[in-house]
Amino acid sequence: MEHLTLGPLTRAAGTVRLPGSKSISNRVLLLAALAGGETRVRDLLDSDDTRVMLQALKTLGVAWRQEGSDYIVTGSGGNFPVKAAELFMGNAGTAIRPLTAALALQGGDYKLSGVPRMHERPIGDLVDGLRQVGADIGYLANEGFPPLHIRPAQIRIDAPIRVRGDVSSQFLTALLMTLPMAQAANGKIEIEVVGELISKPYIEITLNLLARFGINVERQGWERFIVPAGAVYRSPGEIYVEGDASSASYFLAAGAIGGGPVRVEGVGMSSIQGDVRFAEALNRMGANVMAGDNWIEVRGTERDDGRLHGIELDCNHIPDAAMTLAVAALFAGGTTTLTNIASWRVKETDRISAMATELRKLGATVEEGADYLKVTPPAQWQTPADGIGTYDDHRMAMCFSLAAFGPLPVRINDPGCVAKTFPDYFAVFGGVTR
């Protein structure tokens with residue numbers, strides 16, 4: 001197996017220009033495809049997940065071209081030209097979920113599949129929501145999971161659509177992004193969220209981007225959303241993709257652990273991504289944080305003992321970046337408790353289980369529950385001979401690069417899995433650490 005040995009590292013300092021946000025990139029691509037006219041997308045993330053979306057759109061007859069680092073998408077006006085297709089979605093949840101909803105309203109015959117892990121990631125709550133409006137979606141293997149078969153259907157909306165919010169916010173995002181294409185007798189479509197909505201900041205991203213494409217959704221708390229029916233998606237002409245706030249977390253944590261200053265550029269106070277609030281968590285742990293509209297900078301703690309300190313944090317607002325805190329906890333005095341992280345279990349891998357397993361290999365004491373993780377740093381650091389497993393999960397690989405600030409080298413297995421969102425991560429990380 002391919003692996004990469006890092007550290008031990010003692011210092012982190014420098015500036016990182018972040019790659020584009022995955023969450024924003026795939027949302028923008030689909031909205032541009034549904035809009036009329038051309039949309040120039042600047043700073044799009046170049047990664048496995050965005051390539052999956054671009055290839056799917058091309059298969060569906062949506063034209064796009066690349067000009068330098070820009071992508072120009074020629075929208076379909078809400079009607080994909082190709083009405084029968086088989087689409088391979090890799091392990092891209094941000095692609096398969098909204099596309100499933102969009103295709104259910106297209107009146108075509110489509111099959112969607114992915115890698116084996118994708119076929120273990122739930123999609124049943126979204127399918128249930130779409131079936132409420134008459135969509136014809138069948139499971140080709142296990143009930144509630146891809147692969148899927150979508151057939152032509154008569155879509156009718158005469159009652160509120162109910163969707164669960166406690167498994168993944170991507171189900172609600174998919175409905176919000178695509179239901180404006182549908183017709184409703186009174187011109188409005190109501191979506192009711194059942195249970196507590198997790199990962200609310202990702203819904204904020206969705207609503208913000210919909211508004212950029214001319215779709216204004218009325219939000220009543222986090223329980224009810226009113227979507228305009230039969231709406232026209234209007235291209236903004238040009239749209240910039242912010243830097244990825246989840247990817248920023250590794251460098252900001254490195255600044256906190258390795259002294260800093262480490263500055264990330266591409267996200268800041270004006271960001272629409274919830275994960276920028278990761279910097280607040282580092283500040284609570286004792287790190288020094290500064291920020292502007294488009295940058296964040298972190299230095300180490302000024303405490304007498306030079307250490308960060310453990311915190312207890314409800315992570316609903318930073319679900320992806322919270323993983324980075326679990327590894328940063330190795331360098332904090334006391335125990336760090338991360339709660340409200342149930343969504344980790346249905347991501348690229350079961351991230352609660354995977355994180356607990358790999359932290360223990362380094363000597364940490366870890367308690368895991370259905371939706372929480374408690375991490376106490378190692379009394380004695382260990383170097384696992386078999387390395388750190390990454391579970392084909394880009395965020396596991398990037399998180400555990402921070403373990404190289406410990407007193408022993410750390411071996412990261414399958415480092416290439418970072419291609420999902422940040423192909424040159426380890427080169428960039430190496431540029432600001434020593």
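Backbone N, Cα and C define each Cβ position, glycine as well.
Annotation source Swiss-Prot lists active site, proton acceptor at D320. Neighbour count (other Cβ atoms within 10 Å of the Cβ, all protein chains): 27 for D320 (active site, proton acceptor).
Per Swiss-Prot, phosphoenolpyruvate binding site is recorded for K22, G93, R121, Q170, R351, R395, K420. Long-range Cβ neighbours of R121 (phosphoenolpyruvate binding site) (same chain, at least 6 residues apart, Cβ-Cβ under 8 Å): N91, G93, F145, P146, V346, K347.
Listed in sequence order, the residues of the same chain lying 6 or more apart from S169 (3-phosphoshikimate binding site) and placing their CB within less than 8 Å of its CB are L197, I198, S199, K200, Y202, I203, S343. Under DSSP, S169 (3-phosphoshikimate binding site) is assigned to a helix (H, G or I) in the three-state scheme. Residues annotated as 3-phosphoshikimate binding site in Swiss-Prot, with sequence analysis given as evidence: K22, S23, R27, S168, S169, Q170, S199, D320, K347.
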- Among K22, G93, R121, Q170, R351, R395, K420, which the record lists as binding phosphoenolpyruvate, the farthest-apart pair of C-alpha atoms sits at a distance in angstrom of 18
- Item | Set of same-chain residues at least 6 away whose C-beta sits under 8 angstroms from K420 (phosphoenolpyruvate binding site) | S47, D48, D49, N91, A92, E348, H394
- Can you list, in sequence order, the residues of the same chain other than K22, G93, R121, Q170, R351, R395, K420 whose CB lies within 8 Å of the CB centroid of the phosphoenolpyruvate site? D49, N91, A92, T94, D320, K347, E348
- Relative to the Cβ of R351 (phosphoenolpyruvate binding site), which residues of the same chain, six or more apart in sequence, are found under 8 Å away? M323, I341, W344, R345, D393, R395, M396
- Message: Give me the long-range Cβ neighbours of R27 (3-phosphoshikimate binding site): same chain, 6+ apart, Cβ under 8 Å, in sequence order.
- Response: T94, P98, T173, M177, I205, T206, L209
